[in-house]
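Taken verbatim from Swiss-Prot:
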type     : residues            : note
BINDING  : His14, His27, His29 : Zn(2+) binding site
ACT_SITE : Cys23               : active site, proton acceptor
ACT_SITE : His72               : active site, charge relay system
ACT_SITE : Glu112              : active site, charge relay system
Amino acid sequence: MWIIYKEFSFEAAHQLPHHEGKCRRLHGHSFRGRVYVASDRLKTTGSETGMVMDFSVLKAHLDPLVKNHLDHYYLNDSLGLESPTSEAIAAWIFAKLEEAGVPGLHSVEVLETCTSAARYFSPRLSPLL
């Protein structure tokens, strides 16, 4: 089994209306993330020979999501989520990439700080722990 990932980053603001701490207030993060794609075999023909997927293909799916919904947005509005936690953002990105037909989509990880992250896994796959 092979797993590749593509990293991304975005600056955004959000607030968690149900949170009892400081995250209830409007605040921002320098978010980072990774999209993981898995395959039990490598491509054997064409320009992707020897690859799970060309990273540029994954980037082509990911970049519009970042540009049009995440980077420098107020996530409560742009994602249509009442409480855009890192968990919810990871699931939202996963759903959009799945809708776009990204083959082998395994998981999406979103880091809101360098020490705090959430990772959403495909229900079809077992998490790698």
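Glycine is no exception: its Cβ is also placed from the backbone N, Cα and C atoms.
On the structure: features taken from Swiss-Prot.
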residue	record	Cβ contacts under 8 Å, 6 or more apart
His14	Zn(2+) binding site	Leu26, His27, Gly28, His29, Tyr74, Leu75, Asn76, Pro84
Cys23	active site, proton acceptor	Gln15, Leu16
His72	active site, charge relay system	Phe10, Glu11, Ala12
Glu112	active site, charge relay system	His29, Phe31, Ser86
Within a 10 Å radius around the Cβ, which one of these binding-site residues has the most neighbouring Cβ atoms: His27, His29?
His29
Give the helix, strand or coil assignment DSSP yields for His27 (Zn(2+) binding site).
strand
Which chain neighbours of the Zn(2+) site, leaving out His14, His27, His29, have a Cβ atom within 8 Å of the mean position of the site's Cβ atoms?
Ala12, Ala13, Gln15, Cys23, Leu26, Gly28, Leu75, Glu112
DSSP state at His72 (active site, charge relay system), helix/strand/coil:
coil
